[in-house]
Amino acid sequence: FKGGDTCEYLLSSGRFLGEKVWQPHSCMMHKYKNSEAKNCLIDKHVVFIGDSRIRQLFYSFIRLINPQIKEEGNKHGNIPFEDKSASIKVDFLWYPEVNGSMRQRIKSWTEGSVAKPHIIVAGAATWSIKIHNGSNEALTQYKINITSIAPLLEKLAKNSDVYWVLQDPVYEDMLSESRKMITNEKIDAYNEAAVRILNSSSRNSKAKVKVFSVSKLIAQETIMKSADGLHLPESSRDTNAMILMNVYCNKIMKPIDGSCCQPQPPLTLIQKLAFCFFTLSIIGYLIINLIHRNNFRKNKSCTDLEGGEEKKPAISTPNVSTLEMLLHSLCKLGLIMTYFYLCDRANLFMKENKFYTHSSFFVPIVYILVLGVFYTENTKETKVLNREQTDEWKGWMQLVILIYHISGASTFLPVYMHIRVLVAAYLFQTGYGHFSYFWIKGDFGVYRVCQVLFRLNFLVVVLCIVMDRPYQFYYFVPLVTVWFMIIYATLAVWPQIVQKKANGNCLWHFGLLLKLICLLTCIYFLSYSQGAFEKIFSFWPLSKCFELNGNVYEWWFRWKLDRYVVFHGMLFAFIYLALQKHQMISEGKGDPLFSNRVSNVLLFISVVSFLTYSIWASSCKNKTECNELHPSVSVVQILAFILIRNIPGYVRSVYSSFFAWFGKISLELFICQYHIWLAADTKGILVLIPGYPMFNVLVSTFIFVCVAHEISQITNDLAQIVVPKDNSTLLKRLLCIAGFFSGLLLFSAMQDQSRH
């Protein structure tokens with residue numbers, strides 16, 4: 001990859017994904033909305049100068065500002081357009097030939113007293129071919145005329161954006177008799193002359209006329225759909241207009257999914273400090289490792305000549321080994337974070353837009369399903385939702401979600417609704433798992449809370465620092481973190497009701513149910529009181545964690561979307577553990593969960609419920625309406641799956657080790673995909689090997705999975721060091737962590753102030 005200016009690629013190369021989606025080479029193109037186009041072009045003057053093809057491009061361009069505009073009026077005359085609300089002026093000037101008249105108009109803009117347009121889009125040739133019947137003399141005159149215009153355009157290019165649109169090929173079979181002399185051979189000759197002459201005298205890269213040649217590639221694929229063989233179909237013209245908008249606006253608006261023409265963002269103060277920290281960690285580890293090796297050599301066992309005994313080397317102190325483990329973990333983490341930065345912040349690797357097809361989603365799903373079934377093993381225990389089974393559940397769900405993201409399947413509503421259930425199932429497991437732990441163990445100690453919070457948040461905090469992203473950007477981690485604290489608060493607050501206490505007196509079960517009812521009431525109130533919710537999370541420093549783009553609406557939307565499912569998970573755990581305690585279910589190997597009759601009835605109901613939800617989700621027509629129903633009905637498919645998976649004894653006794661392996665690193669996979677598998681913060685796809693899509697996915701996936709597995713091990717190692725079991729040591733560490741976050745908030749405030 002040559003790197004450098006992706007604008008050049010945007011203007012000159014690319015390919016179609018499907019029939020209508022244009023993919024520039026190496027970068028991503030943003031689809032501008034009317035409001036975004038207005039914000040970019042506010043107080044700007046844009047001029048299109050040329051023939052009927054340029055006029056069509058002009059209309060496609062102004063429709064990005066005002067979609068209501070229609071092509072009407074004098075086709076062979078000047079056409080003005082003005083948007084007074086944003087002070088935008090866009091003019092089309094009818095100059096169908098490159099001649100003295102066009103030169104005089106362009107020259108007028110170079111004179112000091114005349115206001116220069118901010119953007120100039122020019123191009124013409126087909127009229128010269130038509131009027132002069134494709135003669136060689138006309139081509140010679142074209143070269144002379146464009147040679148006289150080129151210095152003027154280059155002079156304008158010092159302060160304005162100047163684009164010369166090369167001529168599109170024609171579909172010769174459809175041309176009328178009056179246009180038969182316009183051949184692709186002639187068009188190529190005129191284009192070659194324009195490319196050779198333009199910028200020939202300019203040595204300053206900033207004073208170059210940008211050659212808009214990508215339109216030729218688009219036309220080669222779509223000109224056969226033209227109405228007259230000369231003019232492009234509307235979809236192709238709209239694509240050209242969108243490319244123009246990306247070339248000019250991306251550096252101003254900086255859209256996440258528009259990597260073309262965007263400069264590399266400068267390093268922030270926090271990123272520089274993180275870079276220094278990881279560099280010192282790597283140096284520290286190398287020094288410690290070197291000292292350790294030297295000591296090992298000095299103390300190497302040698303034979304005592306007198307006694308004939310072997311002397312043993314001195315044993316390293318535990319503190320040194322802890323320090324070495326810490327530096328080793330930070331060293332690996334530093335190298336991994338460098339890879340993250342290079343993939344998604346430096347303009348080193350290519351990025352491409354997603355493009356959804358049914359085969360790109362469903363074929364990989366079938367493939368991993370076959371692999372998962374192939375790696376089937378017996379479980380160590382046969383309880384409902386045992387550890388192997390929950391790891392398997394997390395694993396296959398995570399793989400499906402990854403395929404969903406890379407294939408861009410969110411555009412297909414039935415798939416979107418089923419993926420929403422998988423996200424809800426993760427939160428269901430959060431409620432089930434944490435409730436079961438606190439209910440059975442009764443351990444509400446600080447150590448347990450710190451361990452969970454560290455394992456959930458460590459990677460995200462590091463990524464917020466290195467990738468300069470807000471905490472709420474990685475929405476799933478804030479979601480499970482807040483729900484964990486809610487579960488903890490619900491069960492830890494007085495009176496603490498645990499299984500051991502409840503076994504002595506059945507009334508405590510009603511006390512716990514009362515707590516759960518209070519929790520449900522609070523959830524219901526907050527879900528229908530957006531103002532109260534936003535007030536709670538708008539207080540500083542909570543606002544620093546939960547704000548995205550200056551408000552907490554995104555956080556409220558994410559929380560509201562699955563607001564009941566954690567409660568459902570807690571309630572299911574309570575009912576299941578009560579049934580287990582009273583021996584109302586059979587969890588022996590190969591035994592059905594209930595009596596044969598009850599099991600068969602429940603299985604039938606579960607299958608029907610599962611299919612009914614799928615049919616409803618597949619018939620969804622409106623995402624907003626379906627999202628409103630989702631929080632209440634998602635539990636139906638989750639419970640149906642649990643019963644189908646656990647009622648038959650033989651099904652409960654086996655699990656897929658393939659899926660379970662991925663389940664153990666599911667959190668890391670979910671977070672790492674943002675930057676080293678996908679690109680542009682999940683909006684696109686990372687391209688390590690251009691030109692070979694399948695091979696690229698294989699290589700990037702292998703690296704991505706290995707990195708996620710390594711980060712999981714690093715997190716486990718650091719959790720033992722940062723969160724010790726000794727309370728006094730833990731308190732000191734917590735004070736250090738509080739100091740770290742205070743410093744982070746201070747530096748963040750300084751960054752925000754410097755940006756403003």
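Backbone N, Cα and C define each Cβ position, glycine as well.
Please treat TrEMBL annotations as automatic predictions, because they have not gone through curation.
Sequence annotations record features per position, and here TrEMBL assigns domain 'NXPE C-terminal' to 22-91. The feature domain 'Cas1p 10 TM acyl transferase' is assigned by TrEMBL to 253-734. Sequence annotations record features per position, and here TrEMBL assigns transmembrane segment to 269-291, 355-375, 395-416, 423-440, 446-466, 473-495, 507-526, 561-579, 599-617, 659-680, 692-711, 731-750.
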Model confidence over the domain 'NXPE C-terminal' (22-91), averaged pLDDT: 93
For the transmembrane segment (355-375), sequence-distant contacts whose Cβ falls under 8 Å of one of its Cβ atoms, 6 or more beyond its ends: 17-18, 21, 23, 395-396, 399-400, 403-404, 407-409, 411-412, 415, 656-659
Positions whose Cβ lies under 8 angstroms from the transmembrane segment (446-466), at least six residues beyond its ends: 270-271, 274, 333, 337, 340-341, 434, 437, 473-474, 477, 480-481, 484, 488, 667-668, 671-672, 674-675, 711, 715-716, 718-719, 722-723, 725, 727, 730, 734, 744
Non-local residues, at least 6 beyond the ends, that sit with Cβ under 8 Å of the transmembrane segment (423-440): 385, 390, 393-394, 397, 401, 448, 452, 476, 479-480, 483-484, 487-488, 491-492, 498-499, 562, 565-570, 572-574, 577, 630, 634-635, 638, 641, 666
Within-chain partners of the transmembrane segment (395-416) [C-beta distance under 8 Å, separation at least 6 from its ends]: 354-358, 360-361, 364-365, 368-369, 372, 422-423, 425-426, 617-621, 623, 626, 656, 658-664, 666, 669-670, 673, 677-678, 682, 685, 697
Helix, strand and coil counts within the domain 'NXPE C-terminal' (22-91) (DSSP): 20 helix, 18 strand, 32 coil
